[in-house]
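As given in Swiss-Prot:
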- N11: N-linked glycosylation site (CARBOHYD)
- N19: N-linked glycosylation site (CARBOHYD)
- 56-76: transmembrane segment (TRANSMEM)
- 89-109: transmembrane segment (TRANSMEM)
- 130-150: transmembrane segment (TRANSMEM)
- 151-171: transmembrane segment (TRANSMEM)
- 193-213: transmembrane segment (TRANSMEM)
- 239-259: transmembrane segment (TRANSMEM)
- 276-296: transmembrane segment (TRANSMEM)
- N307: N-linked glycosylation site (CARBOHYD)
- 339-359: transmembrane segment (TRANSMEM)
- 378-398: transmembrane segment (TRANSMEM)
- 403-423: transmembrane segment (TRANSMEM)
- 439-459: transmembrane segment (TRANSMEM)
- 479-499: transmembrane segment (TRANSMEM)
- 517-552: region 'Disordered' (REGION)
- 517-531: compositional bias 'Polar residues' (COMPBIAS)
- 535-545: compositional bias 'Basic and acidic residues' (COMPBIAS)
Amino acid sequence: MAGIQQQQLVNDTLPASLNGSSNRIASVNVEGQPQPWADDLDLQDPNHQKPGWRKFLSYVGPGFLVSLAYLDPGNLETDLQAGANHRYELLWVILIGLIFALIIQSLAANLGVSTGKHLSELCKTEYPKYVKYCLWLLAEISVIAADIPEVIGTAFALNILFHIPVWVGVLCTGCSTLVLLGLQKYGVRKLELLIAVLVFVMAACFFGEMSYVKPSATDVLKGMFIPKLSGQGATGDAIALLGALIMPHNLFLHSALVLSRKMPNSVRGINDACHYFLIESGFALFIAFLINLAVISVSGTVCSAQNLSSENADRCGDLTLNSASFLLQNVLGKSSSKIYAIALLASGQSSTITGTYAGQYIMQGFLELKMRKWIRNLVTRCIAIAPSLVVSIIGGSSGAGRLIIIASMILSFELPFALIPLLKFSSSTTKMGPHKNSIYIIVISWILGLGIIGINIYYLSTGFVGWLIDNNLPKVGNVFIAIIVFPLMAIYILAVIYLTFRKDSVVTFLGPNKNDPQQQANMENGLTKSTEGPEMERVPYRGDLADIPLPE
C-alpha cells in the first residue's frame, strides 16, 4: 500500500516538472536517513547579495583542484611520447578529450549540486548489490591506476635530483606521501598553492621552449583540427592520451567536491552555482589544454629537428619522464634537469591529493565506510607501488615509462563504468527532473562517450588478435590465453551494454505537487515549507564534505 501511495506521489509530481516551469525539485532521502538542513541557505544568504565576481570566487576551488589531475605525470608522459612519435598529429585527441572532459566534469558538478548526492552514492542507491560492488571495485582500480604515474613520476624526480635508482625512488614515494599528508595540518592551502606554482613553473618553461623552437603554426593547427591515426602505435597512444585526460575517478571526485560549497536553496541559487562551476571548470581546463599543447609541440618539434644530436635522437627514440629534461635546455640551460625534476615532483604530489579524496568519496559512497586520509592514501599507494617496483627493477626507466602508458590505457578502458552512470543519471527525469541535460548535451555527450568506448573495444580486440597471431608462443599457450581473454572481453562488452540499456528504477527526486501553487512558489524562492502539503527536504548542504581543504 505504501508503495502505491509513493508511486501516486511520483505521478502527481513528475508531470508538473515537465510543463516547462522552472520548478526546482527536492532531494528525496531514499535511504531513510535524515539529511541535514541548512536553514541559513535561503534568499537572505549573504552570498546572494554579493556582486557577481565575489559570488563566483566563493565557488572557486573544486574545478581547479580537479584540473590538477590533467597536469599529472601520466599526462606529461603520454604527451611527450605522442609528440616524439607522431609530432602534432595527435593534438586533435587533446582538443576533443578536453572538450569532452569539460562536458562531463560540468555534468558531474551539476549532478552533485542538483541532487545533493555525489555519483558513488547515487550508484549505490540505483544498482543491485553485486553490480554496486563491481562498480566500486572498478572505481578503486581506477584510483590505483591513476596513482601509478604519480609513483613513477616521483621516483623519476628523485632519480634526477639525488641520482638514486628508480626502484629505490619507488619505495621512497610511500614515505613522501605520508610527509605530504602530515604537512597539510600546518597549512594545506599554502601547500597546495606551492604545488600549483611549481607545476605552472614547469608549464611556463615549456611555453618558453615552444617560443624558442617555434613549431610550425600550420602543422599545429592541422594536428588540432584534422583527425589522423597514422604510424605505428598511433591508436594506442591516442587511447593513452584519452585515458590520461578523462579519468574515471575525477567524475566521482568533482560530483562530491561541489557539495562542500554552501548554495542557496532556490532555483536561481542552484542554477547560479551550476553556471559558476561551469565557468571555473572551463577556465581551468583551458589552461590545462594550453599546457598539454605546449608539451606535445615542444616534444614533436625538438625530436623531429634535422640538427638533432645523436644523443638526443636516442633519447627521443625512447622518451620518458626521466629523460625529458633535455627538451628545456634552450630555456633553462644546465639547470634544466634540476628545475624540471622539482616541478615533476610537485606534479606527482598534487595529483596524490586529488586521488586521496577521490578514493575516500568512492569508499564512502559505495560502502558507507570512512578512513583517515593517511590510511586511505597508504593503502592505495602500497598497492600502486607493487607493479611499479617490479617493472622498475626488471625494465629500468624505460620499463617504468611504458608502465605509465599502460596505466593510462587501463584508465581509458575503465571510463565507461563511471561515465555511463553519470550520463544516465544526469539525463534522467527520475534523478534530475526538469533540470536534466538538454537534448543537445545528451546527444553530444553520448556520441563522444560511445565513440571512446567503441575505440577502446576495437583496439582491445584487434590488438589482442594481432598479438596472438604475431607472438612466438606455442600454439597450446595461445589457445590457453585465448580461452581466458576472450570471455573477459565478452564480459566487458556485456557489462557496457547492461549499463547503457538498463532502465533506472529508483526515483530520487520529487517536484512540488502540481495542484499546490504555494509549494511550487516556495521551491522557486528557496523556502522550505508550504502552508499545506508534505514538508519537502532541501537540497542539502553536506557538512560531511565540508572539511575539504579548498579556499573559502
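Even glycines carry a Cβ here, placed using N, Cα and C.
Residues 55-56, 59-64, 66-67, 70-71, 75-76, 79-80, 82-83, 88, 90-91, 94-95, 98, 101-102, 105-106, 109-110, 113, 203, 206-207, 209-210, 220, 224, 245, 254, 258 of the same chain, all 6+ positions outside the transmembrane segment (276-296), place their C-beta atoms under 8 angstroms from a C-beta of that stretch. Through the fold, the transmembrane segment (56-76) approaches residues 47, 50, 98, 101, 105, 109, 146, 148-150, 152-154, 156, 192, 195-196, 199, 203, 243-245, 247, 250, 253-254, 257-258, 260-261, 273, 276-277, 279-281, 283-285, 287-288, 291-292, 295, 321, 324, 344, 347-348, 350-351, 353-355, 404, 407-408, 411, 548, 550-552 of its own chain, all at least 6 residues removed from its boundaries and within a Cβ separation under 8 Å.
Among residues of the same chain six or more beyond the transmembrane segment (151-171), those with a C-beta under 8 A of the stretch's C-beta atoms are 72-74, 76-77, 320-322, 325, 337-338, 340-342, 344-345, 347-349, 381, 384-385, 388-389, 392-393, 396-397, 400-401, 403-404. Most Cβ pairs under 8 A with the transmembrane segment (339-359) among the ranges 130-150, 239-259, 479-499 are made by 130-150. Most Cβ pairs within less than 8 Å of the transmembrane segment (378-398), among stretches 89-109, 130-150, 439-459, belong to 130-150.
The highest tally of CB pairs under 8 A with the transmembrane segment (89-109), across 130-150, 239-259, 403-423, 439-459, 479-499, is held by 239-259. Spatially, the transmembrane segment (439-459) is adjacent to the transmembrane segment (239-259); three or more Cβ-Cβ distances between them are under 8 Å for residues at least 6 apart in sequence. Same-chain residues lying 6 or more positions outside the transmembrane segment (239-259) and placing a CB less than 8 Å from one of its CB atoms are 61-63, 65-66, 69-70, 72, 74-75, 77-79, 81-82, 90, 93-94, 97-98, 100-101, 104-105, 108-109, 111-113, 116, 118-120, 138-139, 142-143, 146, 149, 273, 277, 281, 292, 354-355, 357-359, 361-362, 365, 405, 407-415, 417-419, 422, 452, 455-456, 459, 541-542, 545, 548, 550.
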